[in-house]
Amino acid sequence: MTTVRPVVATRLSVSSPARRASRLWASVALSLVAVTFVVPLAWIVLAAFDATATYETRLPDTWTIDNFRAVLTPQTTFIPIMNSVGLASLTASLTVLASLLAAYPLSRYRSRFHKGFMYGVLFGTCLPITAIMVPVYSVFVFLGLLDSFFGTVLFLTASSLPMAIFMTKNFMDAVPVALEEAAWIDGASAMKALGTVVVPLMRPGIAVVFVFVFLQAWGNFFVPFVLLFSPEKQPAATSIYTFFGQFGSIAYGQLAAFSMLYSLPVIVLYVLASRLIGGSFALAGSVKG
Amino acid sequence: MTHAPSAGSPSRQRRRTRGSSALRALVRGGPLVPAAILLAVFLIVPIMWAFIGSFTNATLTGVTATQPEWVGTANYERLFADPDFSLSLWLTLVFTLASAVIGQNVLGFAIAYLMTRASRRIAAIVGGVVVLAWVLPEIVAAFIAYAFFSREGTLNQLLGLVGLTGDNWLFIAPMATVILANIWRGTAFSMLIYRAALSEVPPDLMEAAEIDGANGWQRLVRVTLPVLRGTIATNLMLVTLQTLSVFTLIYVMTAGGPGNASATLPVFAYQEAFRFGSIAYGTAIATVMLVIGAVFSLGYIAVLRRAEADR
């Protein structure tokens with residue numbers, strides 16, 4: 001370009017009135033969005049502490065923790081929550097283990113097969129899992145796995161594997177190969193190098209994958225809803241649904257209290273994972289295109 | 001981070017003779033086996049089962065539950081003549097377009113874009129609130145939405161403040177309620193994607209446009225959006241796929257009703273298979289969903305490959 005623009009003269013300073021006005025408008029608009037998003041959430045918090053809760057959002061006349069006391073029984077809370085813990089942590093552990101193993105050759109050796117495998121995995125991340133629940137039910141009948149807790153864990157593991165392999169491979173790609181070469185020279189096998197060199201270096205990544213899978217399994221309703229029948233095997237997601245439906249007049253306050261107990265671990269884990277990755281983009285960031 | 005198999009990953013390939021390299025590929029691929037078995041048994045087999053089972057008369061109970069017979073294309077003939085199926089297909093399209101392509105995508109972008117201009121503290125609060133609706137377990141989110149739209153719910157309370165009396169929205173406008181609920185629940189995903197992408201738009205590009213006298217709107221339309229083309233395509237594909245498979249939200253809020261007025265494909269397939277006991281018919285619907293999902297997935301992969309090639 002031949003003409004020299006008067007850059008300095010026209011550049012707006014940060015505190016120019018126009019900039020400040022647009023900043024104000026943006027803040028006002030965002031505050032409105034925040035209010036809209038928060039209003040539906042307010043009900044569940046207020047109702048949980050209200051002795052006579054309904055579907056209305058209102059400040060309780062008398063604040064009480066009776067709703068929590070009422071649901072904190074083995075039948076309503078402890079067994080379903082323990083089932084959820086079992087389901088989610090088993091699923092997450094198996095998924096992380098299988099993904100770590102699978103990611104190693106995918107990340108370290110290049111071959112046409114691996115590339116095809118990765119495209120298959122990518123395809124798998126996109127598949128609508130709800131679409132296959134009816135055939136999965138048939139397959140579970142055939143395998144005799146219906147109402148099997150471990151069978152449900154295996155299905156949840158398989159359905160979270162594509163995304164988990166993807167994330168794990170991305171995290172592993174970031175670990176330099178040079179470090180393993182040193183281990184190889186010392187006579188370590190590939191598996192030993194994976195265990196002693198690679199895994200310790202990608203601990204935060206592994207934690208993120210674990211939390212990601214754990215949260216999905218914890219929150220999943222449809223899979224246990226279709227595959228598990230026995231009341232004593234139900235995780236919180238499905239037991240809460242029965243709880244919601246079985247009372248003629250719904251105990252709104254108790255429903256809200258139980259929902260809060262069931263949601264709390266999710267929020268804590270999400271915050272932890274965000275910290276781990278260093279930013280609020282956390283989970284979406286690691287799967288984005 | 002890329003979402004496609006990276007070509008540039010460190011590779012330790014050395015050329016040797018063919019036979020030994022095939023053997024070595026086998027040994028090296030060994031760790032893939034556990035994942036491959038799980039994927040084969042629990043994902044690939046059900047998918048194949050969907051195709052085969054949709055040509056039988058399998059039911060939930062009775063003789064044909066254990067010994068289904070081959071009925072050829074009977075399920076598909078029934079499917080394409082079934083007005084409930086056409087309705088379901090239409091509702092799925094409406095639900096996906098309104099709640100994902102328009103709702104989540106546009107609102108997510110708007111929030112992310114405003115965040116870059118608003119005060120940092122407000123941006124953080126809004127981000128937290130929007131994400132909260134997203135990280136809640138889906139059944140809890142569904143209960144909350146149910147409570148919000150029910151006759152005694154918060155929406156009617158708010159309408160009451162301005163002197164209006166509302167109805168049971170879940171009954172008189174089921175599609176509108178599930179669409180709004182899905183926007184509320186799912187916008188965070190698009191917001192996070194766009195926030196990450198916006199933070200990578202080179203600031204000098206913006207400054208240059210500003211110096212050239214472009215106003216805010218022009219900068220958005222002429223600079224930001226074209227730069228984010230790839231992200232927009234990726235996000236659209238992902239939210240579409242996620243929304244196609246929404247079950248719990250709709251099932252808890254309206255159970256697909258009243259009648260079939262909000263039965264999108266996942267709910268419709270569930271009802272046919274487990275409430276009316278026709279596993280085979282539900283499986284045929286599942287197959288249709290799989291085909292739709294596969295088309296979108298392939299489109300998504302194609303977009304990613306092109307992005308990879310451009311890089």
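Heads up, residue numbers simply count up from 1 along the chain you see.
For all residues, glycine too, the Cβ spot is worked out from N, Cα and C.
TrEMBL: automatically predicted annotations, no manual curation.
As annotated by TrEMBL, transmembrane segment applies to A:24-49 (among others). For the transmembrane segment (A:24-49), the list of distant contacts is 55-60, 63-65, 67-68, 252-253, 255-257, 259-260: same-chain residues at least six beyond its ends, Cβ to Cβ under 8 Å.
As annotated by TrEMBL, transmembrane segment applies to A:81-104 (among others).
Here TrEMBL flags A:81-273 as domain 'ABC transmembrane type-1'.
Annotation comment: TrEMBL describes A:116-143 (among others) as transmembrane segment.
What TrEMBL lists as transmembrane segment is A:149-167 (among others). For the transmembrane segment (A:149-167), the list of distant contacts is 83, 86-87, 90-91, 94-96, 98-99, 102-103, 106, 118, 121-125, 127, 129, 136, 140, 143, 205, 208-209, 212-213, 216-217, 220, 223-224, 227-228, 233, 286-287: same-chain residues at least six beyond its ends, Cβ to Cβ under 8 Å.
Residues of the same chain lying 6 or more positions beyond the ends of the transmembrane segment (A:206-230) and with a Cβ under 8 Å from any Cβ of it are 84, 87-89, 91-93, 95-96, 99-100, 129-130, 133, 136-137, 140, 145-149, 151-152, 155-156, 159-160, 163-164, 167-168, 171, 199, 237-238, 241, 265-266, 269-270, 272-273, 276-277, 282-283, 286. Residues or ranges marked as transmembrane segment by TrEMBL: A:206-230 (among others).
Under the heading transmembrane segment, TrEMBL lists A:250-273 (among others).
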